[in-house]
2 protein chains.
Amino acid sequence: MAKPAPLSGFPELLPAQRVVEQQVIATLASTFELHGFANIETRAVEPMDQLLRKGDTSKEVYVLRRLQETKDAARDKGLDNGLGLHFDLTVPFARYVLENAGKLEFPFRRYQIQKVWRGERPQEGRFREFAQADIDIVGRDLLPFHHDIEVARVMLDALGRLDFLPGFRLQVNNRKLIQGFYRGLGLDDDAVDEVMRLVDKLDKLSPEQVATSLVAEAGLSDAQAQQCLALATIRATDDSFVARVQALGVEHPLLDEGLDELALLLRGTTGLATEKVRIEADLSIARGLDYYTGTVFETRLDGYESLGSICSGGRYDALASDGRTTYPGVGISLGVSRVLVPLIQRGVVTGDRSVPSAVLVAVADEESRPQADAIAAALRARGIPCEVAPSAAKFGKQIKHADRRGIPYVWFSGTDDAGAATHEVKDIRSGNQVPADPGTWEPPLEDLRPRVSTSSTTEASSTTEASSTTEASSTTEASSTTEASSTTEASSTTTKETDQ
Amino acid sequence: MAKPAPLSGFPELLPAQRVVEQQVIATLASTFELHGFANIETRAVEPMDQLLRKGDTSKEVYVLRRLQETKDAARDKGLDNGLGLHFDLTVPFARYVLENAGKLEFPFRRYQIQKVWRGERPQEGRFREFAQADIDIVGRDLLPFHHDIEVARVMLDALGRLDFLPGFRLQVNNRKLIQGFYRGLGLDDDAVDEVMRLVDKLDKLSPEQVATSLVAEAGLSDAQAQQCLALATIRATDDSFVARVQALGVEHPLLDEGLDELALLLRGTTGLATEKVRIEADLSIARGLDYYTGTVFETRLDGYESLGSICSGGRYDALASDGRTTYPGVGISLGVSRVLVPLIQRGVVTGDRSVPSAVLVAVADEESRPQADAIAAALRARGIPCEVAPSAAKFGKQIKHADRRGIPYVWFSGTDDAGAATHEVKDIRSGNQVPADPGTWEPPLEDLRPRVSTSSTTEASSTTEASSTTEASSTTEASSTTEASSTTEASSTTTKETDQ
């Protein structure tokens, strides 16, 4: 077998990089649990008719076929009954709720952190396989609006615990507000959808271009088109947007409802704004997917605007219904891979070692391996991750074994003149070596587990050449250093491009 | 959308059941990390030519196609370049090692806990989507034998921490031993493989039937067939098997090597045997897959023998090679779903609540919701998972909300005559209600997180009728109770069948 090449769009991480993803997922999970969200996992596959039921094939679904299944059987069965990989976690969750409604307690609050698959053309932050972290709250028949505020708060709490994240902006809007506004302008249902779709392009097209297509494609008058654009330009970090919308002179009961809800949402979340976190009403946000019926969320990461929204969601009042009962929900989904993979590939974050071990237990000769195993067992019994040297090489080589992996301590044992066992532990960073007892010694808490280490993109790009040399020669975790510094070099250009 | 039906072979868990799986995975991960194994994840897909390179299509691979991909393009591309879902974690791991060899440190020790997919016919313990937990150690060119002992020890350590598991038997053998023995009998390479395949059927066929096919299909003499059967019947919990094999009078250098290795393995693991854990040399074990070259492992769970081996693996000296360098490895893989799903479905284990919340903060009226949110925030700041009541219903109804989910505490706030805030917390199991301070109160440690609760199958089947009624009426976590008791009823029969 020749050396295999990576598959574009299917990112994989090296062990020290995976440390970052593991710790991020653990932080998200523990935050969601602090807020009382239960964890579930759904199967990777859904029936094709479920995946396509909105007629939306833009998600580029992966269709499955069993190898042994005859081609005729696969064709006869058709797409409707076939299986595909899920492209998000919301559609499977809605199906899970309907399937298990009799066994769940409502409102049902769950989080779900899983891979999803989309056959899209790969680009930075857009993958064919990626991890998402979703929280949703679903009610039976009714779901009070305070849950819209709650999911925003919970996700802000979670994101706020990821120290290495740059600043970000949570943008909120409300479908009732924009749909009510368009209806107040006299538009019918079809025109409302078309206008929403066109206004959503304001992040790519100029206002003039959008105005032109509103008239040409959606059949609006110039005056109507200008009103739509005026609405879409409104941004505010408090409920002052209400007066500005009202000043446009459009009236509709649905508009009022949307204004009330969005004002409530802003008042319920502004207390969470910090130097790093801005929360704003942005009346241009609509979200492409058509199941949202009220609140919508998007999130932009400072300096990584080209990634698009890293965390999106909203209220969906009719996604899950079995005909008799409807289960309205609200949720928000973080693109874990979308955020992490670019940061990791640019070398902004990495783990400070490639193994969990805090200690390498040295082996003087193969005969004494059982004693080394016993020392390791004593350390593990007190929760200290460690490994035993794989061979009784010279101690210098064993220390190098630890150094290459970023293991901070090496344990040496021997016997004194009286034949009693002696133990010493060496901090290989300082060279400091002290006597130690395998039954009581503990490393400082910060050395117990691998840590996520951060270097800002600015530092990374200004010190590229120097740091890659220095770090490579200091040999701490050679493999990831090489990886990190080579991607840093490659990506410093990318960073500049994105920043502009 | 009508109520969806479950998909056979794709098990999903209810929230209280997922608590068990979460805690098992956390226990496995932390044990593997204590032993210095680094975590990685590989993508779900591999090129079809990799998945089929052993010519082994028995794994029923799922082939992928993008929905938008034209059928002609898919056919032209053919299976060789297409993608399929991985059917285990060993083949992807071997590919990951080759792809990243320059960035990894050897010996490389990793664990991997992920879903895998096989299009097999579903039956108990056999699923189309299931989770596996693998540990492997891979060297460059060489890998000392003590790592064979190590992976067995690490997995035994992990399994030993799963309190709810019944007793089990780790069965070990060595391919060199059996292949050397067959060659010592004068068989050629083809005959050796054929005999291994036929002897592997001893768990389904009688010795007489196997002897007949050894003669008829593999062309052995009666005497050779009897020798093969004599070898396969040898079992021992210590290295006494060596003398018994030697007594059969067959000689071959590879046989000696295999005997030495297996004796080392038994001597290195027998100290780990307990009342629940038996370790034995079982010379009938061969493992179907053909990449094993030395040590092989299988594991049988007491009372669940019909599940087959729940934890298997072995030494593979040639799985990963780029032509110039070979990466020999040894590993062992636990079928997480294979063990857990039957135990969960039979009601042997479940979580004691369906949400992470230890506390429900009651809401007296919607106006005071912000105060309830503040109390919840104070509790969360000290790591206490909690949720705020979704509506200001009567307190009795709010207590019931907690009770249905298994939340042990409800927090009540009010104001005293002087207008100062008052706080009380009620343990709804005992009814005990005491004053509490949101800044300092803590629940007992055992109430902080959901716990895994166990009922032995014996208890379950002897008390089926009575317990399902009693439990259902006591209302603690009604949904899971109903689920648990209904599966208990259904499965008590299954249990008896399996036990016989």
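Cβ from N, Cα, C; glycine included.
Just one of B:ARG118, B:ARG121, B:ARG278, B:ARG300 is listed by TrEMBL for the same L-histidine site as B:ASP88, B:LEU89, B:THR90, B:GLN132, B:ASP136, B:ARG287, B:TYR291, B:TYR292, and that one is B:ARG118. For B:TYR292 (L-histidine binding site), applying a Cβ distance below 8 Å and a minimum sequence separation of six or more within one chain yields B:ARG175, B:GLY314, B:ARG315, B:TYR316.
Here B:ARG287 (L-histidine binding site) comes close to B:ASP200, B:VAL296, B:GLU298, B:SER312, B:GLY314: these same-chain residues lie at least six apart in sequence, with C-beta atoms under 8 angstroms from its C-beta. If you compare every pair of Cα atoms in B:ASP88, B:LEU89, B:THR90, B:ARG118, B:GLN132, B:ASP136, B:ARG287, B:TYR291, B:TYR292, the residues listed for L-histidine, the longest distance is 21 angstrom.
With the fewest other Cβ atoms inside 10 Å of its Cβ, the least crowded of the binding-site residues B:THR90, B:GLN132 in this structure is B:GLN132.
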